[in-house]
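Residues or ranges marked as domain 'G-protein coupled receptors family 1 profile' in TrEMBL: 40-290. Annotated transmembrane segment per TrEMBL: 25-50, 57-77, 97-119, 140-157, 205-225, 237-255, 275-292, in sequence order.
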Amino acid sequence: AMLNQTEVSEFILLGLTDVQGLQHFFFISFLLLYLTSLLGNGAIVTMVIFEPRLHTPMYFFLGNLSCLDIFYSTVTVPKMLTGFLFGHQPISFGGCLAQLHFFHFLGSTEAVLLATMAYDRYVAICNPLRYALVMSPQTWLLLAVASWSTGFVHATMHSVVTSQLSFCGHKDIRHFFCDIKPLLALACSTTSLNMTLLNVVTTSIVLGPFTLIVLSYLYIISFVFQKVRCQEGRWKPFSTCASHLTIVALFYIPVLCNYTPPSSGSFPKRDVQVSLMYSAVTPALNPLIYTLRNQEVRSALRKMLGRKR
């Protein structure tokens, strides 16, 4: 047994598939999704910065979300794309930890940010007269900083605890990026602390904001049905919420599938497919959802494109 105890200095990402024909199809599909994500989210960030009409809390948070999505897809997708072209991807131990850190940093920031956006909608609809007072620029900044900091602290805990593990022998990661669960499956030292972190802290980072979102919308729904008498008036508040709710569903359904059942040491193949959803698909859809449903974003976009001509 002593002979095998060589420390692993790099891992091999096995990626999504070994089927040659599928690899090229996946490469083209995910490249297009990634470019859509960069263009769409880039356009929203640019608009939120340069269009004075969009200098409101709702769009400030949307700008933060788009910024997050650009980084978030960049953490995993480029490495995955090179995997489709060149097969199994080696990744150093440091690179692996960095990927794990940024994936969880940006992912948990997004969870908290979505809750912040729900709170913003709640104040806007249920306390419109006090909205400007409650949502002062100081408050937006504070909420955004709190979202990013929570994500950062959460990810740092995971990367520090994971960096203490020892790995020997197996170095094939059955995934397209270094996530915690597939890494823990390879460790030779005990992973009970990592498991506790995943089951207690990560679960509460997922469920905490999710609970706040559900509560905000329950308040909004009951407020609208009690206070707003006419049918048309009822739909208006929901139209500003529809895009946010769609994004919440796209983000939370896969995340809840992956992180809320108590994690055992095993790592099912389903996790890989679910991770694809929120690392590659959702970031590309978010800007589309917001621009399709939102008059202000559409006219700002037209204005911006008109200026460039």
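Including glycine, each Cβ sits where the backbone N, Cα and C put it.
Here the structure is a predicted model, which means the values were calculated and not measured.
Among the recorded stretches 57-77, 237-255, 275-292, the one sharing the largest number of Cβ pairs closer than 8 Å with the transmembrane segment (25-50) is 57-77. Tertiary neighbourhood of the transmembrane segment (205-225): same-chain residues 108, 111-112, 114-115, 118-119, 121-122, 125-126, 150, 154, 234, 237-238, 241, 245, 248, 252, 255-256, 259-260, selected by CB-CB distance under 8 Å and a gap of 6+ residues from either end. Contact counts against the transmembrane segment (140-157), taken as Cβ pairs under 8 Å, peak for 97-119 among the stretches 57-77, 97-119, 237-255, 275-292.
Counting residues 6+ beyond its ends, the transmembrane segment (237-255) has Cβ neighbours under 8 Å at 58, 65, 107, 110-111, 114, 117-118, 121, 124-125, 206, 210, 213, 217, 220, 224, 228, 274-275, 277-278, 281-282, 285-286, 289-290, 292-294 in the same chain.
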